[in-house]
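First comes the structure, then the notes that go with it.
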Amino acid sequence: MSTRQRDGGSGDGPAAGARTGEAAPPAPAEAAEVFGDRLPQAERYAALLAGEGVVRGLIGPREVERLWGRHLLNCAVLGEAVPRDVALCDVGSGAGLPGIPLALVRPDLRITLLEPLLRRTTFLEEAVEELGLDNVTVVRGRAEEMVGKLEMDVVTARAVAPLERLASWGLPLLRPHGEMLALKGESAEEELADGRPALDALGAVDAEVFRVGSGVVDPEATVVRVLVGEEPGGRRAAERRARAAKAARRKQGRATAKRGGRRR
């Protein structure tokens, strides 16, 4: 199932250059343990990433050889930390990481893949349909534009952006007592310490760093969990950013139309 938000985000065309996809590496033994009877779908997703994912510029060619350890399994083990039967939004989903691996290992979840770029949402819609993921919806838009439209129990993020920025995108989408799970690197503890004042301002009531994937990925995946209270914050600021972005797009559109009129 998929939905495109026509009023959100900015699209871009196919990746430039004569790149060709590659063959995905074979699934390691750990993949059968993690994905179970959905391993064939995980293998097909790996093939999509190695092929169209590279061709469309969603992942770099150098990532193909480490698709399983660094990407699919690293994301799938996040399922260890997600409560059962909840609505989850993968913010800035990109090529579907961690959202699609989570959908494969946790069919009980209702997952929304939120992504602003058209070429990425096109890939996501194709992947979701090909993999038969009935528990996944694709939405095109920016997080700040979805405040009041999407209300989630859990948001996930896997990005190089600082924790406080991820929180400013994700926490306003949460229901009361919801949580954000951010896959981070070695700097997670430091980022959490530096970002606590911003998290407090966004309505966070608790935060911790922990690891998942023991015996599956090495090193284990590092996760920052941020819990919100009765009133998740940051919504007004997100709405202001959305209005500013919309006004900027209108201004750009008028300028483009004006230049076109002059050329005629």
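Any Cβ shown, glycine's included, is placed from N, Cα and C.
TrEMBL: automatically predicted annotations, no manual curation.
The model shown is predicted, which means the values in this text are computed figures rather than measured ones.
The S-adenosyl-L-methionine binding site annotation in TrEMBL covers GLY92, LEU97, ALA143, GLU144, ARG158. Cβ neighbours of GLY92 (S-adenosyl-L-methionine binding site) (same chain, under 8 Å, six or more residues apart in sequence): LEU114, GLU115, PRO116, ALA143, ALA157, ALA159, TRP169.
Under the heading compositional bias 'Low complexity', TrEMBL lists 15-29.
Among the features that TrEMBL reports, compositional bias 'Basic and acidic residues' is placed at 232-242.
Residues or ranges marked as compositional bias 'Basic residues' by TrEMBL: 243-264.
TrEMBL lists 1-29 (among others) with the feature region 'Disordered'.
According to TrEMBL, the feature region 'Disordered' maps to 232-264 (among others).
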Neighbourhood of ARG158 (S-adenosyl-L-methionine binding site), C-beta criterion under 8 angstroms, separation at least six: CYS75, GLY94, LEU97, PRO98, ALA182, LEU183
Residue with minimal Cβ packing [other Cβ atoms within 10 Å] among the binding-site residues LEU97, ALA143, GLU144: GLU144
